[in-house]
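Below: the structure, in structure tokens.
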């Protein structure tokens, strides 16, 4: 394979030995361009010769080619000066063997591969940015470039090698894993791929370590007094900076009284008891959320919410004084009789208190009252937050006698209505004392918790948006301390069917009440009555009568209908009880309804009869009911208009059919609510007036028999702000000698919507300007219904509002009523006009329109000046001449068409006097003015040239344009002057820039017209300032000319080759005389005037004296 060695002619020696490889070459991996050595050592005798083969081919060394980069070392090793390696040619890479030979044979080494190390540039996967929260693991992945040998992976953070000895850091398979990251781990990470070729760095990737919100300062629990201010601190750190918000557990933050301050703390002002609770600071950023809470406890001083009321009781009765308190913590309540040293505490042993006891709720109960118990009783409440006391009077005297129960004048009628309509059930009552009205539906009290149901002031029950479920029997119950009376009507709600005729709302359609009935016959169970009809039958004839009766009993009764459809004015009422006193009333009936009741008849007693012994023993019923003792418990307030009552019953009786709750506002009429189930021991009183003190008692009943009343309890519903504004608010202007004033009158809100005692009224007079100085407020006492508001500004529109105030706060405001105090004369109209003009000129469209108009006029005028100068140059070569004489003084000055300007006092404007000094121009012994002259003494003007007619026509056109432009500018400046004069004191600012524009335009107009041929005439050099121009009127026309009301600005000319004689010039002694200045001086004077005017404008933009009627004043 590697060749053979010839042994011919020689004999082996004994000491000779064949070659033997004692050091075999090893595999090599070498970088390109680097030196390398493949070792090979052989032994033998004679010394063997070593040769190298690569991939089976003999390797050429420096022995064969001195230029070769391969060298065969004496030891037999193959040395490479440099490794040659390219993409196409790889001469040094391969599998090498060394062969050692002598004449005895050869030895071949093991194969050794020589490989060239490489490392590519591009990473197969570069690390990506990672965002983690502190404490979470972070993983960054990296796959190095391809290379040989395979590169190893290491990592650097911020150009510093990552310490993989940190137990939190693991590098595995190209992944960098950091457990429990810290803020210090954040930075720029680089993946490093390394082999023997070198290192390659990946693109950097950022590890961002965010921190979850962490509280530096947490809110703490706090205890404060009511109306104090409390701060909950909350300081949080995190990355990114967390946002902070506050919330209240099971509720909302107090509106208008909570504030999150700049340091993220929560401040509560004027804290109330309902603010108690847990307040949580919620901190949140993109990597987490944290919460911390603090509780708030508000100590509220004791308050009396149910005050004890004065009571009058009969001896032997049981009396209970209520004393409802509230506070935080709940106060301790005890009682004391005024003048006594004995204190009565709740749950005090009976042996110590005797007939007096105090319940846990604070009620004082006095059983079996004696006359010596009369006096004041003091309720005191005390807690760590403070103390309070109140008292009530007890008077012990005989019980009052029974009176006649209320009478319902007009009650509800049966009605059939369709869904969605409104039903009105009337109930007009009378009685002494005035009874209160309550409504029941199918025997159940209407509580008023349905917003569709409204009890009106006159007792009418109104139901809107009727539904089929509203059908039922509605009963009006009129009750007072003397008893109660009821009247029922049926409402049927269905989709189809007619609507029955409801009682007429017009009183004149109802019949008049009959006269007082007279008793003509009496038996043991009947009474015969007669009466006379009323002369007023109403809208229809009387068709029948109804008779109602009231029976006196031991415990009272009510009015009952005992006969109806009575056709005659005489009727016998049957079925009455023997030996009973009755009263009777009669009502007339026609097609529109019932009349009011007749006067009550005289009392009549039916004849006596022995008891039959049949049925119920009335005496036993009355006796047993009288022995029943009902004890009312402390009422519980449910809402501002409802209260729950509970009671206990001692000494039960088989004759208890139900319980009758009687209640009334203190000093008012008794209202009644029946609990018709005897086992019931509680009931709810609803539709109570807010902020009103009520008296409540209860009694058992059986049919018409009633038991003893319980002790009288008092309760007070909480006050609320009035739910309706004051009524009939009127505002009228009052003219005083020293100020402008208005008179405001009003009526209180409806009684049922006052929701408490009106303590005061507040009146707001709000001016139509945002400045506070235009606002005037007043407060008057609650019993005052009018006031006089002084010190108002004349001509300012005020809106007047009135609101009632209770202890709960300010109620609903009335509708704003406009009022404009007068300051004398037509100030109101002037102010109104000024306000209208101010509104117009303040509009951006007006300002933009004025500016745009000025710009258009200025540009048009500039174009006209340019064309005019150009044409003048083109006509300058003509030599023909003609002369013309002005027919009248024309174009007296640029200001001549502004009457009165030059006639005003110019003493305060020296620049005007210096620019236009006064001179006299006299011609032929008369004052006159020359127009269109180039010299001071020239009275005629010549045009030389061939085209005389053309030049003359051009001059006429130029004069007409000048006059037209004069009038346009005059109109614009007059308009601006008028607006500025009116609004200079109201709204000066909007006119400042518009006026500036007109000033600039006005004097640019001067500047363009300085040439003596550009204008006719140019600026005056001297001017007489003569007053009274307007008084003398216009100049008289010359002889032979027709009189004209308007001044002509045209010229009369004659085109001749010789000067024509001057015509008689029109003149006026009181018109300012003008003298034509030189051209160079005119331009300079115009610039001076313009600059001086602008300076004066900036110093004093507005004043009462107008300068040139363009809005600039001294």
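Even glycines carry a Cβ here, placed using N, Cα and C.
Just so you know, TrEMBL annotations are computer predictions that nobody has curated.
So that you can see what the record holds, here are the features copied from TrEMBL:
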DOMAIN    19-115  domain 'Ig-like'
DOMAIN    121-208  domain 'Ig-like'
DOMAIN    213-297  domain 'Ig-like'
DOMAIN    302-395  domain 'Ig-like'
DOMAIN    406-492  domain 'Ig-like'
DOMAIN    513-609  domain 'Fibronectin type-III'
DOMAIN    628-720  domain 'Fibronectin type-III'
DOMAIN    725-824  domain 'Fibronectin type-III'
TRANSMEM  845-867  transmembrane segment
REGION    1036-1067  region 'Disordered'
COMPBIAS  1044-1059  compositional bias 'Polar residues'
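Note on the domain 'Ig-like' (406-492): DSSP counts are 3 helix, 46 strand, 38 coil. Helix, strand and coil content of the domain 'Ig-like' (213-297), in residues and according to DSSP, is 3 helix, 49 strand, 33 coil.
Residues belonging to the domain 'Ig-like' (121-208) score a mean pLDDT of 90 in the model. Helix, strand and coil counts under DSSP for the domain 'Ig-like' (302-395) come to 7 helix, 49 strand, 38 coil. For the domain 'Ig-like' (121-208), residue counts in helix, strand and coil come to 3 helix, 44 strand, 41 coil, using DSSP.
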